[in-house]
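Features as listed in TrEMBL:
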type: DOMAIN; residues: 54-203; note: domain 'AAA+ ATPase'
type: BINDING; residues: THR66, GLY67, LYS68, THR69, THR70, TYR209, ARG221; note: ATP binding site
type: DOMAIN; residues: 302-374; note: domain 'Cdc6 C-terminal'
Amino acid sequence: MADDPDGGMLSWDESVFRDEHVFEIDYVPEAFRHRESQLQTLQYALQPAVRGNRPLNVMVRGPPGTGKTTAVQKLFAELGGQPGVRVVRVNCQVDSTRYGVFSRIFESIFEYEPPSSGISFKKLFGQVTERLIDDEEVLVVALDDVNYLFYENEASNTLYSLLRAHETHPGAKVGVVAISSDPDLDVIEDLDGRVQSVFRPEEAYFPVYDREEVADILGDRVRVGFRDGVLDMAVLDRVTELTTNTGDLRVGIDLLRRAGLHAESRASKTVELEDVEAVSEEARNLHLSRNLDALSDVERTLVDVVADHDGEQAGDVYDAFAERTDLGYTRYTEVVNKLDQLDLIDARYESLEGRGRSRTLTLVHDREAVKRRL
Ligand SMILES: Nc1ncnc2c1ncn2[C@@H]1O[C@H](COP(=O)(O)OP(=O)(O)OP(=O)(O)O)[C@@H](O)[C@H]1O
């Protein structure tokens with residue numbers, strides 16, 4: 001670079017980033033493309049709240065990193081600004097019991113946490129609903145990662161309390177947005193009959209973004225997050241490709257940030273393909289961590305067992321698995337299929353001499369990388 005006195009080298013107070021925060025997980029993007037129909041469904045369902053009425057409930061489904069939480073956050077930001085509407089988003093991975101969910105709602109209303117012991121659920125519930133009725137507020141609750149309530153067997157009673165609040169406390173108006181990223185969870189089917197009869201949600205499905213959509217979204221992020229000319233099309237193409245392979249947009253956003261930091265670590269003013277390649281393994285591991293985090297205890301146990309019995313036949317793996325759980329073979333097969341679908345294990349049929357066909361289970365990722373994250 002003839003006209004660059006530093007010869008393309010960054011000085012201490014320079015950065016490739018215009019705004020590094022846009023690559024962090026709590027950042028809500030300004031532009032939110034390719035989710036128009038899902039936003040419309042949500043808006044249509046929640047609209048009655050603005051008029052002081054109980055909204056329709058919504059079931060939001062789709063694989064990890066497809067914009068479910070962001071869509072709800074964006075709508076809640078608008079809805080929460082309307083008079084007479086209170087919005088609360090609960091992360092059920094953190095609050096995975098009915099008491100935990102209502103504690104978060106209580107906290108949002110009263111602006112302090114309820115005592116962690118010594119107050120019954122009934123009392124907590126009563127205080128929440130009375131306040132809503134007094135203030136004439138409609139409550140819209142998003143249960144993010146609702147699958148964790150199912151794993152803890154808390155889903156039916158939580159939804160029951162929320163959805164029948166108007167029967168126990170006339171005048172209470174509550175709507176629920178349930179968000180699940182577990183492809184195997186049939187939310188409605190897994191609820192008690194008494195809840196099924198009141199939970200008849202609208203459906204908003206978030207499919208995996210295709211390659212062009214990923215390129216659009218990451219391109220926006222690059223424009224906002226990096227300085228002009230720092231990252232060219234060929235580099236963006238490669239990040240897009242790596243992201244599309246996992247289907248999880250978070251991988252791409254994380255890759256961009258890490259590649260930027262890597263470029264800075266070698267004092268470069270531009271992010272090059274070599275920076276992306278250098279950090280791609282870490283980004284893949286991020287995806288692995290997220291996949292493992294989203295598993296139930298039983299599923300995680302099976303990953304651990306397969307890690308210890310890599311390459312063995314399904315029947316033998318089951319024997320080892322049965323020592324650690326009391327699940328039958330049918331349920332075991334379902335878990336195997338799910339892990340196979342998530343690309344955590346490979347379950348391949350092989351012909352065995354004289355004994356027909358049997359499945360062999362192998363770990364897809366590096367054993368140590370998996371073990372460290374369990
Ligand atoms: N259409 C989009 N435009 C811009 N950014 C997006 C879009 N969709 C998703 N993102 C970004 O991708 C990341 C993951 O999105 P989000 O957390 O909403 O996914 P999710 O489906 O809720 O994932 P999970 O099921 O793992 O909770 C976030 O950083 C978000 O800002």
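Here the Cβ of each residue, glycine as well, is placed from N, Cα and C on the backbone.
Projection of TrEMBL feature records onto the structure.
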residue : record           : DSSP class
THR66   : ATP binding site : coil
TYR209  : ATP binding site : coil
ARG221  : ATP binding site : helix
Can you give the mean pLDDT for the domain 'Cdc6 C-terminal' (302-374), rounded to a whole number?
89
When you measure from each Cβ to the nearest atom of ligand 1, which of the binding-site residues THR69, TYR209, ARG221 fall under 6 angstroms?
THR69
For ATP, with binders THR66, GLY67, LYS68, THR69, THR70, TYR209, ARG221, what's the maximum Cα separation in whole Å?
18
Cβ-based isolation winner (fewest other Cβ atoms within 10 Å) among the binding-site residues LYS68, ARG221:
ARG221
Helix, strand, coil residue numbers for the domain 'AAA+ ATPase' (54-203) per DSSP?
61 helix, 28 strand, 61 coil
Tally of residues which DSSP labels helix, strand or coil - the domain 'Cdc6 C-terminal' (302-374):
36 helix, 16 strand, 21 coil
For the binding-site residues THR66, THR69, THR70, work out the Cβ neighbour count at 10 Å and name the residue with the minimum.
THR70
